[in-house]
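Some features that Swiss-Prot has for this protein:
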| type | residues | note |
| --- | --- | --- |
| DOMAIN | 48-278 | domain 'Radical SAM core' |
| BINDING | CYS66, CYS70, CYS73 | [4Fe-4S] cluster binding site |
| BINDING | SER143, CYS203 | [2Fe-2S] cluster binding site |
Amino acid sequence: MINYPESLANRIIKGSTLDKDEANELLLLEGTDANALFLAASRVRDHFLGTGVDLCSIINAKSGRCPENCAFCAQSAHHATNAPVYPLVDEEQITACAREAAGAGSHCFGIVTSGSAISRGEELDRICRALRRIRRETAIEPSCSLGVIDYETALALREAGAVTYHHNLETARSFFPNVCTTHDYEEDVETVRVAKRAGLKVCCGGIFGLGETPEQRVEMALTLRELDVDSIPLNFLNPIEGTPLAGADRITPLECLKTIAVYRLILPDRKIAVCGGRERNLRDLQSWMFFAGASGTMIGNYLTTTGRPPEQDWQMLADLGLTVRQCNG
């Protein structure tokens, strides 16, 4: 079995694709076979993307009171949490955070707002003004994560300077009703398609540890491949008190790493960033995410939880002998 991941990597490098049954089998590997999987994923990443690492950062630009009932989310109005609640911040604060992110080495800066969708009018106008300033004043690539959007909104964001639109599927279609019942999975899929039609790159992934099966993790990866997304953020549940998943069992570091590796083999030439929950779930194996095929990570704080200082991530990358891709505007 130890040669099996290597043979799959060779096949993928030659242009073949990983199918569902192969992916499910890989998630069952243990011991030295799992190490062989990580090595295969790392080889595939190096072949298609090189060894440079992409860093990204976000601002929680509008927080709390979300009408959706996503079971993992601290910002849902359906859950009693201590998440901060505030309206959309001003363009100066957004731009200042973008400058700070660029100074910390981030390649991409995401403007994230709570809620089902951003409102047309002043909210959208303010975000567009901030996007224009970010493009003028920094070399960082701006991204937006504003919920469900229509084509006109997507076009306005792109024309203002947004490079990427972020919108997660969160989990597999077959498991989604266990996570959220206030909107349909197809709305999220259509948002991805709308952003692509408007000429935006799409960053789309999900969160693991919600109670989904390994097979459902593969299911989401295959959906992302079908949607032809450009980059995939992989998050791991950090349970928040007051949410329905506050007492959820954590997945093991090795489960996290195998998931990262299988996503790399399913999506060989796409950017894969490990984001929220990495500190809690990977623990002492955080640096292994790159050995398992990740090509990037989020630095700084997350939406409602604290990340570690960027200097620690820079030191981790230096210790691994990895370089950070530079912003080029």
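Placement of Cβ uses the backbone N, Cα and C atoms for every residue, glycine included.
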Mean per-residue pLDDT computed across the domain 'Radical SAM core' (48-278): 97
Cβ-Cβ distance under 8 Å to CYS66 ([4Fe-4S] cluster binding site), same chain, at least six residues away: CYS73, GLN75, SER76, ALA77, SER114, GLY115, SER116
Inter-residue C-alpha distance, CYS70 ([4Fe-4S] cluster binding site) and CYS203 ([2Fe-2S] cluster binding site) (nearest angstrom): 19
Remaining residues near the recorded [4Fe-4S] cluster site, that is with C-beta within 8 Å of the centroid of the site residues CYS66, CYS70, CYS73: GLU68, ASN69, PHE72, ALA74, GLN75, SER76, HIS78, HIS79, SER114, CYS180
Where CYS66 ([4Fe-4S] cluster binding site) sits in the secondary structure, as DSSP reduces it to three classes: strand
Assigned element (helix, strand, coil) containing CYS73 ([4Fe-4S] cluster binding site), judged by DSSP: coil
